[in-house]
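First the structure, in the form of structure tokens, and then the observations on it.
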Amino acid sequence: MDTKAFKRSLNHSENYYRQGFGHKDEVAGMMTSEYQSSLIQEIRDNNYELTRGDVTIYLAEAFGFCWGVERAVAMAYETRKHFPTEKIWVTNEIIHNPSVNNRLKEMNVHFIEVVDGDKDFSGVANGDVVILPAFGATVQEMQLLNDRGCTIVDTTCPWVSKVWNSVEKHKKKNYTSIIHGKYKHEETVATSSFAGTYLVLLNLEEAEYVRNYILHGGDRQTFLDKFKNAYSEGFDPDKDLDRVGVANQTTMLKSETEQMGKLFEQTMLEKFGPTEINDHFMSFNTICDATQERQDAMFDLVEKDLDLMVVIGGFNSSNTTHLQEIAVERNIPSYHIDSGDRLLGNNVIAHKPLDGEITTQTHWLPAGKLKIGVTSGASTPDKVVEDVIAKIFAEKAQPAALV
């Protein structure tokens, strides 16, 4: 399928919207009321620090809603305003934040259900309005909705679209796209639908395995079994790794994506030599500014003498998980929560460890004075961060917190 031609055609459709509907000012007021926070602004104005009682909060200098997320949510709100009576769907969570998604449900926006691992579009009818979320949708989903005569509201983040353009360039020039990401993540699923031949790699360990295969060969079936579900149909590691271009899921760790790019560039240099490198490796620049800024701010934050760290964001949020990784790698006790509701009172917290299930921790706030770092993922509103910080202050002021 010529995905570029399809997108070009869709862009000219009278049923396709990407710029909003003229309700920007009204929606901005709603967004401010529902998602912004006077407490968080106070902390910003106080050099990102606030002390109350025995607790000093250190807030990361870049955190929370990124521009792409704010844009997507605002467009969803505008869509409801512009189509007050039409049935509105969103193909996935609009962003990875439960409070925002629940708010859309309150506005009578329907979410496409997943049945046996596949999205069920059977309830979507001609004339329905369908919102594509911030991390995009597959080209096949777009085609289905277009063929069904739906009104499509595309809130895909421009940084994600930039990655799609990169993999389409790879496809046009017969390069295999090496995509640094999680093959099940909605953004990577969408990105791979625009690619030709592709292989999704989670981390540098997997990249090193592929590098070794490129340079020294190996058992083809073992390779295919190792990366099952993470490559394009018909992918052959013996033929499809001679020409590669690197792209990424925008929420992955910047440093790891850069290392992966350098690793494959060096691999092709070793295999084909400096005179042939440009025919076998395509450079990239698809790292999202907002992701980078939040990670850089987190690296700065963990340099402080923190007693513990609280990372706030959806449990399925990739960018939030990577912020948590930074704290864990510095051996800072760190708690990933998705809302203030996870602070259960009596000095008990329900949190999600890296690569683990939600667990309950008692006496998580030690006695005495505490320095607590706080950050949040790109899909987390300031109001949610405020709720968490306020509950920490209240919890620490209670006798139970000192047990």
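Placement of Cβ uses the backbone N, Cα and C atoms for every residue, glycine included.
If you check Swiss-Prot, you get these features:
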BINDING   CYS66, CYS157, CYS288  [4Fe-4S] cluster binding site
BINDING   HIS96, HIS185, THR250, SER317, SER318, ASN319, SER379  (2E)-4-hydroxy-3-methylbut-2-enyl diphosphate binding site
BINDING   HIS96, HIS185, SER317, SER318, ASN319, SER379  isopentenyl diphosphate binding site
BINDING   HIS96, HIS185, SER317, SER318, ASN319, SER379  dimethylallyl diphosphate binding site
ACT_SITE  GLU187  active site, proton donor
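Locations of recorded Swiss-Prot features on the structure.
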| residue | record | DSSP class |
| --- | --- | --- |
| CYS66 | [4Fe-4S] cluster binding site | coil |
| HIS96 | (2E)-4-hydroxy-3-methylbut-2-enyl diphosphate binding site | coil |
| CYS157 | [4Fe-4S] cluster binding site | coil |
| HIS185 | (2E)-4-hydroxy-3-methylbut-2-enyl diphosphate binding site | coil |
| CYS288 | [4Fe-4S] cluster binding site | coil |
| SER317 | (2E)-4-hydroxy-3-methylbut-2-enyl diphosphate binding site | coil |
| SER379 | (2E)-4-hydroxy-3-methylbut-2-enyl diphosphate binding site | coil |
Which of the listed binding-site residues (THR250, SER318, SER379) has the least company, meaning the fewest other Cβ atoms within 10 Å of its Cβ? SER318
Taking only same-chain residues 6+ apart in sequence, whose CB is under 8 Å from that of ASN319 ((2E)-4-hydroxy-3-methylbut-2-enyl diphosphate binding site), what do you get? THR251, THR291, ARG294, GLY313, GLY377, ALA378, SER379
Find the longest CA to CA distance in the recorded dimethylallyl diphosphate-binding set HIS96, HIS185, SER317, SER318, ASN319, SER379; express it in Å as a whole number. 15
Return one of helix, strand or coil for THR250 ((2E)-4-hydroxy-3-methylbut-2-enyl diphosphate binding site), based on DSSP. coil
Measuring CB to CB from CYS288 ([4Fe-4S] cluster binding site), give everything in the same chain under 8 Å that is also at least six residues away in sequence. CYS66, GLY68, CYS157, TRP159, THR250, THR251
Near the (2E)-4-hydroxy-3-methylbut-2-enyl diphosphate site, what residues other than HIS96, HIS185, THR250, SER317, SER318, ASN319, SER379 in the same chain have a C-beta no further than 8 Å from the centroid of the listed C-beta atoms? PHE135, GLU187, THR251, GLY313, GLY314, ASN316, THR320, THR321, GLY377, ALA378
Between SER317 ((2E)-4-hydroxy-3-methylbut-2-enyl diphosphate binding site) and GLU187 (active site, proton donor), the C-alpha gap once rounded to whole angstrom: 11
CYS66 ([4Fe-4S] cluster binding site) CB neighbourhood, other CB atoms within 10 A: 27
Whole-number Å distance separating the Cα atoms of SER318 ((2E)-4-hydroxy-3-methylbut-2-enyl diphosphate binding site) and the residue listed as 'active site, proton donor' is 10
